[in-house]
Every structure is written in structure tokens, then in C-alpha cells.
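Visitor: According to TrEMBL:
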- 14-38: transmembrane segment (TRANSMEM)
- 50-74: transmembrane segment (TRANSMEM)
- 94-116: transmembrane segment (TRANSMEM)
- 137-156: transmembrane segment (TRANSMEM)
- 185-218: transmembrane segment (TRANSMEM)
- 238-261: transmembrane segment (TRANSMEM)
- 276-295: transmembrane segment (TRANSMEM)
Amino acid sequence: MCSDITNFFATDGFYAGTLHFLTAIEIPLHTFGAFMIICKTPEKMRHVKWILLLLHFVGALLDIFLSCLTTPVVNFPMISGYPLGLAVPLGLPINVLAYIGISMVGTLAVTILVVFEDRHYQIINALFGRKRSWYRLLYIIVLYFISATFLAPAYLKIPNENLAKLVIKNKIPCITDDVLQRPGYFIISTTNTTFCLCLLFMLSIFATQLFYFVFSIFNHFSHTVAKSRATARQQRKFVIAMCIQVFIPVVVVIIPVVYIICANFFDYYSQAGNNLAMAAIVTHGVLTTFTMLIVHSPYRKATLEMFYCSTNY
């Protein structure tokens, strides 16, 4: 099923312009966010400084990768598309970049897990005298290995390009030959089953463990009397701030993600819808950095001071 592809939102000009505009926001904003973490993190937050910087760096790298380097136009319900970013004039291998881009989403998810695992260890395990062990390091290594390889089964089943284009034309008759011949046009899958199973596998790992860490931490807060109320208050504030930093951007991108899932399930093609959904998803990093600067009081106060505002917030 197709929609009218002559819509302005379906054009490459609109899509590339939107993502490049986001790039112009992302670069100074992420640079400012990194400066805040490096230079304005107070001594009481020294234990989380570098892990926060790692999370910020991975998110910023994914943002620039999507909005500037690749700018991927995706033709849902097919897992196919073409780039409009710097990858085209640079002649970079698009299939490889597509793999890296999707894997980076998994890497960002794992880095979020690592942040909450670190808080879980510092608040719960360390309290009971459990020392840091090689098991913890192995756990993190395995998670990052999974984030780099979870998509491999889908890539082992990449179809023949010419045959796949015939399938695409059959399923999406309104897609033009001009689109299929765009420079760097890539096709990962025309059936989506293996691809979706790979994503579901990664999502299940992320969601179950994130729920476990967050639930365990708050359960600990509600059932444990800390020796130091100030320390307990600080730990609670940071965990709540991290939850807000992670979950607000996720809530914002849920709508485009649901649209993409429905488009794949019902074999519905709308390039305008695809472009708007992808553009909304790319805003995730900007929203995350804005949220970080707002919810963590040291960064909020430092930002307000820089702009000559009151710090009574």
C-alpha cells in the first residue's frame, strides 16, 4: 500500500535540510555538554563523571553519524534506502555504514545499561562489601560484543540486489526506478523477519536489564536506612536525574518508532512518513543533552551562570 510520494515531506531536499539543520544544532550543543561534564562536574559526582562523558560521547557520535555522515533515507516497509550525507562524495561503503549505524544504536543502549549497572554496583553491591571483580568487566565486554554483532544474522541473509529491487517494485509499486538507482542504494532485507528478530533480541536484553537495575536501586532506597542521609539523598537525586535523562527522549521517539513498526507490519509505504519518523528519531541526542543540562543541578546552575541568569533553581 502506497501514499502520494509527491508530498514535500517526501523530498530529499526537505529530509537532508532537516537533518543538516539538526547537525548545526548538535555540534555546538554536544560540545557544550561535553565541556559541562569535563569542567563543571562537582567533586561529589566524581565517581560518575567519566561514565557520563562516555554516554554523552556515544550519543553525540550517533547523532553526527546519522544527521551528517550518512543522512539515511529509508524506504520502510523495506529495510532499504540510500544516503544523502558526506558518505556519498567520500565514496564510503554504504552497507558497512548501515551496519555500523544500527550497531551504534545498540552500543548506545549498552552504554545506558553500563551507567545504571555502575550505580547498582556503587549503591548496592559496594554497600555489602562486594569487591569489583573480573566478572563485572566480562559482563560489560559481553554486552558491547553483543551490540556490535546482534545484526550479523540479518547481514548473512542480504538478498541479491537485482532480485531484491524486483521484490521492492512488486511490494511498493509507487516507488520509482530513479529512487532504486540512487547512489549508494542499499538493501538489507525485503522480508524483515530476521532483521526484526535481531532488533527484538537486542531490545529484550536492554529492556529486561534496565528494568532490573532501576527496580533494584529504587527497591534498595525504599527498604534501606543509609548511614548518611546526605549521601543517600545525593544518590537518589542522581538516579532520578538519569532516569529522566534517559526516558524523556525515549518517550518522544516512541511515536515515530511505533509508526515504523506499523508500516512494516501492514506493508505501508509513505516516504513522507518515513522521513518525518527518521528526523524525529535523530532528535534523540539533542533532547538527551538538553535534558542532561536541565535535570542535573550542577550543570543547570553552571549553564544559567554562563547566561547571567539566577541560579536559584
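Placement of Cβ uses the backbone N, Cα and C atoms for every residue, glycine included.
Give me the lay of the land around each of these features.
Guide: Note on the transmembrane segment (50-74): residues 12, 15-16, 19-20, 22-23, 26-27, 30, 33-34, 37-38, 41, 80-87, 94, 97-98, 100-101, 104-105, 107-108, 111-112, 114-115, 118, 182, 271, 274-275, 278, 282, 284-286, 288-289, 292 of its chain, located 6 or more positions outside it, place their CB under 8 angstroms from a CB of the stretch.
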Visitor: Which residues of the chain, 6 or more past the ends of the transmembrane segment (137-156), have a CB below 8 A from one of its CBs?
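Guide: Cβ under 8 Å, 6 or more out: 79, 95, 99, 102-103, 106-107, 109-110, 113-114, 117, 188-189, 194-195, 197-198, 201-202, 205.
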